[in-house]
Amino acid sequence: MKCLVCCSYASSRNFGALSCSACKMFFTRATKNYAKFTCKYDKKCFESFTILPKCQFCRFKKCLEIGMRFSEPKQQLFNLNNSVDQDLIILLGNLAVKDGVHYSNFLNFYSLEDPSMDDILADRSRMKLMKRTLEIKTKSHEWTFLGSYYKIAQFLDFDFVKTMSLADRKILFSYNTLRMGSLSRSMRTYLDKRDCLMTPSGDDLFSPAVRGLFDKTPEIINRILCQVVGRLMEIKITYEEYLLLIMIVFCNPSISHELSDSARETLSKYQNMYASFLFRFCQLKNQHKAPTRFNDILSICNVNNKNVEDYCFVHMMFQCMVPEFKFKKLVNDIIIRS
């Protein structure tokens, strides 16, 4: 039997997929260093090869694509003092894998569909996705649409979200999609060692037409592009802290009085759980500074909320001044309801 990652001999399944010992060891190490990998080429190093590529980004991406999933603490990132610490390591590994899968899909697939928020929540399969090629050029507003879709898809996969009614999920994603997108984009920018947001293709997040409307007041554009990233840089947030923070942001039970009692109860339960894990993570890094570190991380929420308000203002101003420009329905939905 052949390893589904590197095509060498494989005798067993590791992390849920047929793989060799070398790829098993690589995946174990990669769950700690996932956020540091980059590809120097077009992120297709493992699609066709005769000599095993050295690209760690594409090797890890291939591991995810064949179904490898982190399910137990094979490697101790910290000194594990009790079962809570083991649960934390497992949780972080699974959150990282989920984040990695959806980010890889975001980069490698696109769609010409124009679904609304209601369409996606009712039936995600109506979003017809196509493999991205080098010839495909994606504009900034299209990246916003795709990023919003993949954030919704990522969080719809959580079991506790699946138990919610369609009405509750609509409220939850209407409020959270932009906030999660803002935080996620800023974190990727920070990990790429840049201080300003841009699209994955390296273009300006705002078109010249948008910038032209704010040529006399560019401060709001600069805030949107740099403010959250700047705060992440200031506190030197880690990828693990980000993974827990974005879950705390998502599981906010006080976003609307229209949420059902059961939805609020579920969100409160999970928000408390993720907050407890984040505080424990801070304790593992530095016992004495844990309360301060915990508060520093949570303070990002205020900056992120302000960033979303600025973005909505710019979007609505552009729609008023250039009404003939048609954004995707999903983008309009999340702007109006945020």
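Here the Cβ of each residue, glycine as well, is placed from N, Cα and C on the backbone.
Under the heading DNA-binding region, Swiss-Prot lists 1-75, citing sequence analysis as support. When averaged over the DNA-binding region (1-75), pLDDT in the model lands at 76.
According to Swiss-Prot, the feature domain 'NR LBD' maps to 98-337, an assignment based on sequence analysis.
Per Swiss-Prot, the feature zinc finger maps to 3-23 (among others).
Cβ atoms under 8 Å from those of the zinc finger (39-63) belong to residues 4-6, 8, 15, 17, 19, 23, 26-27, 30, 33, 100, 104, 107-108, 134 of the same chain, restricted to positions at least 6 beyond its ends. As annotated by Swiss-Prot, zinc finger applies to 39-63 (among others), with the evidence given as sequence analysis.
Counting residue by residue with DSSP, the DNA-binding region (1-75) contains 26 helix, 8 strand, 41 coil.
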